[in-house]
Ligand SMILES: Cc1cc2nc3c(=O)[nH]c(=O)nc-3n(C[C@H](O)[C@H](O)[C@H](O)COP(=O)(O)O)c2cc1C
């Protein structure tokens, strides 16, 4: 009889991912910068918000459908872009198929291991993600390629400070997985034979290149080659962001907002959506959890843009709390990576199902027939929970 691979929670998917992946790949996904304060707070802060459930007069049919940047999605969860390699041979294509099978959209990292053309073919609801890296001409060419491939939106991610150093140690990632590097990893691969076997069966080892960052038929840069280009690009101004949005010319999300003043500037730059995000705790450690920042930012931008949140979402109840506090939808990162590592495409579908069912239970308990009926009254936010950044006179005067 086939082994039952169904996973009940995201925590179980993470346990399986840990058992299956080589230690260095697992720790590259776990990440979190420096002491991991933000990484932990993103998850734990959801636990500080409570529910106010009803017991009778509940609703039998519950609807989760919504839209993000014009794309209809069957429930308020989309895939956040992760530039992550060597998790599974099908990588982002498996994730894209899983998202399509569950009626939702995928954000594709510019550091992804699979091409935007392959990913759009697997899921036409693909948003391409770009960092501010390279010259304007290079960025324009990358945007043109994504547009020609059929990407239906652009995600500009700005929250990255090139900090490195994790208190529990960064994994060693080779420049290229050639024979020499593989021998260095051999003990890890041999300790994780199922992961290795998946790659052997697929006929290729992870090559750690970035196929969406090639220009004009040249070979794809290695992960570190691309990272070097990014590090040496001068950081963008708000005018640069407005240029990027205009050059893209379609739905545009700015990902990485923590402050009210930045949220307002994003509105002024003409974006379609923002994501309240701290890169899953991988950027400036001790930045507050995104769910603490969300309510204030929602109040600051009103209906001027769509507000999403990402960071720490592991349960359907986390999704519902974010939506009740004003998010249109959430984006998930590690949750689907654990599913992908544990069981490929079905593992990602499993994680999406866990979240959808969790949302449904909450709607039932809260007495709502639709996610659009959720309001802050459905949740209990303790005193002192919220954080408001960038609201002072000094912040407003900076242009
Ligand atoms: C391993 C890893 C790689 C990531 N790479 C990218 C990336 O290339 N582009 C990007 O915009 N965000 C990237 N992120 C951030 C995610 O899009 C998202 O903001 C974060 O994972 C949300 O937190 P969560 O993992 O707790 O859900 C990455 C996150 C992780 C964990």
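Glycine is no exception: its Cβ is also placed from the backbone N, Cα and C atoms.
Here is what TrEMBL says about this protein:
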ACT_SITE  279  active site, proton acceptor
BINDING   81-83, 109, 129, 157, 255, 277, 310-314, 333-334  FMN binding site
BINDING   131, 166, 279  glyoxylate binding site
DOMAIN    2-384  domain 'FMN hydroxy acid dehydrogenase'
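Summed and averaged per residue, pLDDT over the domain 'FMN hydroxy acid dehydrogenase' (2-384) gives 93. In this structure, 129, 334 are the binding-site residues from 129, 166, 334 whose C-beta falls under 6 Å of some atom of ligand 1. Here residue 83 (FMN binding site) comes close to 109, 110, 111, 112, 210, 223: these same-chain residues lie at least six apart in sequence, with C-beta atoms under 8 angstroms from its C-beta.
Note on proximity: among 131, 166, 279, the recorded positions of the record, the Cα nearest residue 310 (FMN binding site) is that of 279. According to its DSSP assignment, residue 334 (FMN binding site) is helical. Here the residue listed as 'active site, proton acceptor' is positioned 15 angstrom away from residue 166 (glyoxylate binding site), judged by their C-alpha atoms. Each of the binding-site residues 166, 255, 334 was scored by the other Cβ atoms within 10 Å of its Cβ; the lowest score goes to 166.
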